[in-house]
Amino acid sequence: MDNLEKDITDSLAENTNIISAILGDSADINKREFSFGQLKGVCFFAAGLANTDQVSTIVRSFAVFGEHQDASGNRTIQAISRSLILNTSVETKTKINDGIKGILSGDTLVLLDGYKEYLLVETKGWDKRGVEEPSTENVVRGPRDGFTEDIRTNTSHIRRRIKNPDLRFDEMTIGDKTNTSINIAYLNGTVKKGLVEEIKSRLSRIKIDGVLESGYIEELIQDAPLSPFSTIQSTERPDKVSAALLEGRAAILVDNTPFALIMPSYFWEQLQAPDDYYNNFWMGTFFRMLRYFAFLTSVLLPSAYVMLISFHQEMIPTRLAFTIASGREVVPFPVLFEALIMELAFELMREAGLRMPKPVGQAVSIVGSLIIGQSAVQAGLISPFMVIIIAITGISSFAIPSYSTSFSIRLLRFPMLIASGTMGLLGFTCAFFMVMIHVLSIRSFGEPFFSPIAPFSASEHKDILVRVPWWAMVKRPRTASGELRRLGAGQKPKPPSTSEERHEGE
Amino acid sequence: MKVKITNGMFVALIMTIIYAKAIGVTQGSLAREIGHDMWIATILGTLQGIVMMILTAAILQKLPDQNFIGFAEALLGKWAGKIVAFVIFLFFLFSFGPIMVTFIYHFKDYFLPEAPIYLFIVVALIVGIFGGFHGLEVMARMALVGAFAVVCLNILLLTGSLSEFDIHNLRPVMEKGFIQTSWASRHYDTDWALATVMAGMILPMVKQSEKWVKAGWSGMILTCIAITMWPILEAAVLSAPVTAEYIVSCMHLARGAHIGIFLHRYELIMIALFSTSSLIQIMMSLYCSAHALSKIFGVKDYRPMLIPAGLALGAFGYWLVLDHLRAISFTEKEWPLISLPIAFLLPIILWTFGKLFRRKLSRS
């Protein structure tokens, strides 16, 4: 591997041997030797990664060149690359390492006899998944395109949305063995001061053999590594990333995954959906409120129910208490045990439904929810009210747009349940309080996670609990730098007020 | 990076650290002493509290980087600082008694009568140490949430009790005379004493020292507004004699609150909101006493001191809460005798020394 750091020599045979030795006899690495007149050369490329048509074109170019030139030595390699190679990107290099990386990224390395430099021609052309609607972040109104596994396709999605020269993609490579391409996307002049430097500094600290998904990066750079909450937002949606960039944040795109990372991220954003911004602001606000309610229901409902039934029955309205009691009459288990079993069963069904092939998964869900649930109630193992509580909790957790947040909630539910089921109101309150302390203590790239509620920032409240109309969202969030005004003056639409104005309009 | 909180957070901390005990336990004591004029005593107490808060802020503005302990050390030397730290530790040690009375009697007497007292102490200490460990910034953020909880709690109570409001129960005003009402305000003074001594410890960590005085008095006034509603409602809805019968009189008022026929009991929601203030009291007592201990023993970081401070405070709280009679007797008799000299005299002494050693102060 010492050869990797070396420059190539002017001997074609020697160079070919070195590169062949480095790449070994791997079945997917192709070597195409050619000899046209006095011109001799070798092309190295990876089958499946490189577009073979383009490789053929390169070889054909050399064929024409070789037939019409007596000697190639009187031309510099730069001249050859300029006049001969038709591909969009071609570089001249000397280091063997660069060439190897190029081959493994889908480029074609061209060695020519008698030259101390080689050509690295961009011939990337592997099979890609088409652009599809993101499966984890569906919207009713809004763009349907999602990121794919190809990083260039993903950057193009963002570039298509922000046609601005200030949009930058800074490239890094992480993973000693995988050499995974990572792009840091940001809007120069708008991004929060120091954020890009901080991201680069955190990324450059990563020493890992391979990065197969952005989750690796997320775990290695986030502020609260032990927290169940994710302080970096992951998304498959280019519009979400573009919106974040316009607000002065940055994104990390990782090759081979459709999930981009947005930072800094706030707690409240995990409960916001892209539709909030595309629909009427009344609808946006209503559904946002509904999601906050769903979040609270999802975290607190089972523990509140267990707490009330186990310790504070007097707090339940009398008729409701009778209804619950009649349902629980035949149930042999304590309510905490019943709730834990039901929660675990629900998680099991969800996990099974997710892992099974789609048609079978649906069947598992139906069998689980309808048949087992109904049978358990009829057998007197579970009370009907508990089934309702767990079902409402499950539905509420489905209403949370961020998949990682719904995971956090599922994890938090169990300690909350145990605390409430063993210590009643004391356990419920103190467990919730400890979760709150934790949430309030964590940061996302220096920004308090629970901001702008605590610490309170009045100027940010146009897009937190409510979503005000676009014409009222005059300024960017305070994290952005540069010009904070995002909207021109007097953008609130209004009909012509006088009959003359109306007439002029016509 | 040195932790700094905003003045708004400081105001929220003042509100939440006073609120929990002042709305119930204190009002019960006031009702036993001056009947339905407890709301006047609360206001009179607030006026005294405003003066002491302004004095505290004004003293520390002279040396904005120092708390009471640092101020004494800068003026009178290392040992003076240690003495002040010891006094502050004692203050928070004994304050933990009434704080635990408030916390435990709310939960135990009204919701979990069969749970052992040590469970409440252990849980309170775990939460308190957890919060204290995360530091002032997190506690201040929690106080913002707590201030919101206070507003919600007041609205809920007002909604549920206004229908039974009888203004005749508030008359005649100042029945026991001004002197006795003023004297009774000492019970509320013990509540704001927590806020002023806390301010003496945390003000250097509050941004914009020029706004400390304003934040201090506005915090006291806002707290008074949030609290005074309770004695008025307790007197007008429950009547003073009934309020006087209970250690935790606010719970009796909360129990009686109802919205329509279906929501006839919702004190559970109210107690959940109330607990934010109560738990902030616990966290802040542990935080300040750990700070004082770290100064006494010359330890740079206060965090290792949270455990010994927690053990000391927890042991005292447990001993006090075990016996209702002892608890209420300490809260009404001994606690004012301990807290008020510290709350009044400590700032006055420091202010006097500040005047006497003006040159040294300006050099510092």
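Positions of Cβ are set from backbone N, Cα and C atoms, glycine also.
TrEMBL: automatically predicted annotations, no manual curation.
If you look at the transmembrane segment (B:38-60), the same-chain residues 6 or more away from its ends with a CB under 8 A from one of its CBs are 14, 22, 26-27, 30-31, 66-68, 71, 170, 173-174, 181-182, 184-189, 191-193, 195-196, 199-200, 203-204, 209, 212-213, 215-217, 219-221, 223-224, 227-228, 231-232, 234-235, 240, 243, 343-344, 347-348, 350-351, 354. If you look up TrEMBL, you'll see B:38-60 (among others) marked as transmembrane segment.
What TrEMBL lists as transmembrane segment is B:81-105 (among others). Within the chain carrying the transmembrane segment (B:81-105), a Cβ under 8 angstroms from the stretch's Cβ atoms is held by residues 20-21, 24-25, 68-73, 117, 120-121, 124, 190, 193-194, 197, 200-201, 247-248, 275, 278-279, 281-282, 285-286, 288-289, 292-293, 295-296, 309, 312-314, 316-318, 320-321, 324, 327-328, 330-331, 334-335, 338-339, 342-343, 346, 350, all 6 or more beyond its ends.
If you look up TrEMBL, you'll see B:117-136 (among others) marked as transmembrane segment.
Look at TrEMBL and you will find B:143-163 (among others) tagged as transmembrane segment.
Counting residues 6+ beyond its ends, the transmembrane segment (B:215-233) has Cβ neighbours under 8 Å at 7-8, 10-15, 18-19, 22-24, 27, 30-31, 38-39, 42-43, 46, 49-50, 53-54, 56-57, 150-151, 154, 157-158, 161, 165, 170, 192, 195, 199, 206, 250, 253 in the same chain. Residues or ranges marked as transmembrane segment by TrEMBL: B:215-233 (among others).
The transmembrane segment annotation in TrEMBL covers B:268-293 (among others).
Under the heading transmembrane segment, TrEMBL lists B:305-322 (among others).
As annotated by TrEMBL, transmembrane segment applies to B:334-354 (among others).
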Any contact, the transmembrane segment (B:117-136) to the transmembrane segment (B:334-354), with at least 3 Cβ pairs under 8 A: no
Top partner of the transmembrane segment (B:143-163) among B:268-293, B:305-322, B:334-354 - counted as Cβ pairs under 8 Å: B:268-293
Beyond the flanks of the transmembrane segment (B:305-322) by 6 or more, those residues with Cβ under 8 Å of it: 89, 92-94, 96-97, 99-101, 104-105, 117-118, 120-122, 124-125, 128-129, 132-133, 285-287, 289-291, 293-294, 297, 299, 330
Contact set, same chain, for the transmembrane segment (B:268-293): CB under 8 Å, 6 or more residues outside the stretch: 13, 15-17, 19-21, 23, 67, 69, 85-86, 88-89, 92-93, 95-96, 99, 102-103, 106-107, 110-111, 124-125, 127-129, 131-132, 135-136, 139, 142-143, 145-146, 149-150, 152-153, 156-157, 194, 197-198, 201-202, 250-251, 254, 257, 299, 302-303, 305-306, 308-310, 312-313
